[in-house]
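A short write-up of the structure that comes next.
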Amino acid sequence: MNVKTTVNWNSVLAGFAKQRGKLKDAQELFDKIPQPDVVSYNIMLSCILLNSDDVVASFDFFQRLPIKDTASWNTMISGFVQKKNMAKARDLFLAMPEKNSVSWSAMISGYIECGQLDKAVELFKAAPVKSVVAWTAMISGYMKFGKVDLAEKLFDEMPMKNLVTWNAMIAGYVENSRAEDGLKLLRMMIGLRIRPNASSLSSVLLGCSHLSSLQLGKQVHQLVCKSPLCKDTTALTPLISMYCKCGDLEDACKLFLEIQRKDVVTWNAMISGYAQHGKGEKALRLFDKMKDEGMKPDSITFVALLLACNHAGLVDLGIQYFDSMVNDYGIAAKPDHYTCMVDLLGRAGKLVEAVDLIKKMPFKPQPAIFGTLLSACRVHKRLDLAEFAAMNLFNLNPANAAGCYVQLANIYAAMKKWDHVARIRLSMKENNVVKMPGYSWIEVGTVVHEFRSGDRVHPELVSIHEKLKELEKKMKLAGYVPDLEFVLHAVGEEVKEQLLLFHSEKLAIAFGLIKVPLGTPIRVFKNLRVCGDCHRATKYISAIEKREIIVRDTTRFHHFKDGTCSCGDYW
């Protein structure tokens, strides 16, 4: 007869403890164990923690344990830490008869996660033995709070580092807008024969995307090609996203075709890239190919498809995809899907339908959806619905109301309601609301140059202004008329024209025309939505200068060539 030992029982029980929804099965099995040991109790405690949103049930079980070891205490402390109940975690930590490095690390990580950096530092200094986990947690904590110099000091002092530590340092640099330092660290890792993983590369590539630094991203690509990760799909897919976000769709496509084993994330990256660049038909054809190859789409796939329909103005097809996602694939619509649908309807002028969709959503609307509606109201000059969207935005997100104020002021200005504009500005002043400054940037060589509207600090500003004035004359001869409704100030037309001429994206484009070699696309990036006048002017500039100009704003890429834009003036 085959007699099960407690070890056998524990092995089966551990299988249940790793799966949510198996608490009942685990409990039934646990009750059958003839002589449960401390491991049995600890596994059961983990299972209760995994399956309960209320940590009280787990704590009750913990208190009733007939035997406890250090692992029991650590499991319960981690449970409180995960629920961000640091007061109870601290009580247990202090009551522990014997602490180990796991106990100290759990508390340090918990304090950092809860934003209590000072307490984490205090505990780290007091720890008798500092594990790699504790050191790494502190480095991440310092980076999280922008204390890069302290993170660097700790990293240098650390007696033994593992891959997670290096990755934490790289990710920290990226979070603090220092992607170049992240790349230097990646090179140092390789020089020390520490093999980076996909996470190491993803962090650096994320930084390249944020900076829109194509040259930096290409350097990472070269490192990948020379490493064992050269055929790793999880390492190559972020490169596709980087190329797309840095405006190089051609290299993104090339890399996509080279990847032998594509997963759903790879397909999503390329479909999203096509969508962001206004290549709606290519995005939809790629989706068909994805299905033909037996790859099942997920929630993110449909966000990309809806975005593609959105940018191409394919309203009916977008509605079909939305319905298919729910009915054919059983994927529940999330806030991102609804936001895409509201944008799709709003851009097409179907604002009443967009509002109806918001009201029918099965969950509370998020600020982004009303921001999307507000943008559509400006395009279609629907003041009534704009005020409805703005009021909801103010209520949902008063702390970040600057964008809402500006959008509403833009709508009033476009309708020549200057008294309303003045009232908005007064309200902003009274509520200490600061408008996010618009700026654009362009990478020339390996240097990123940033411009703000009316910039007066760039060292080559004289040449840039001369170029813009030259372009202005040529554009007007070709039929360009400045769209003064995009100037919110109640000033004379001549002043308005000057303000428009020196918008940040125009400054960046002029600099690109001076510095970027002929035959190379000029890639400009903006932190806000490109204004209508700049969009119209850039079409003229592309024709006059016979240059391809790629502009990425917060919603999409615009490819200007021969006087036309890839968006078809639909953005």
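Glycine is no exception: its Cβ is also placed from the backbone N, Cα and C atoms.
Annotated in TrEMBL:
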- 479-571: domain 'DYW' (DOMAIN)
- 5-40: repeat 'PPR' (REPEAT)
- 69-103: repeat 'PPR' (REPEAT)
- 131-161: repeat 'PPR' (REPEAT)
- 162-196: repeat 'PPR' (REPEAT)
- 232-262: repeat 'PPR' (REPEAT)
- 263-297: repeat 'PPR' (REPEAT)
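According to DSSP, the secondary structure content of the repeat 'PPR' (69-103) in residues is 26 helix, 0 strand, 9 coil. Using DSSP to sort the residues of the repeat 'PPR' (232-262) gives these counts of helix, strand and coil: 23 helix, 0 strand, 8 coil. As a summary of secondary structure, the repeat 'PPR' (162-196) carries 26 helix, 0 strand, 9 coil according to DSSP. Secondary structure of the repeat 'PPR' (5-40), assigned with DSSP and counted as helix (H, G, I), strand (E, B) and coil, comes to 25 helix, 0 strand, 11 coil.
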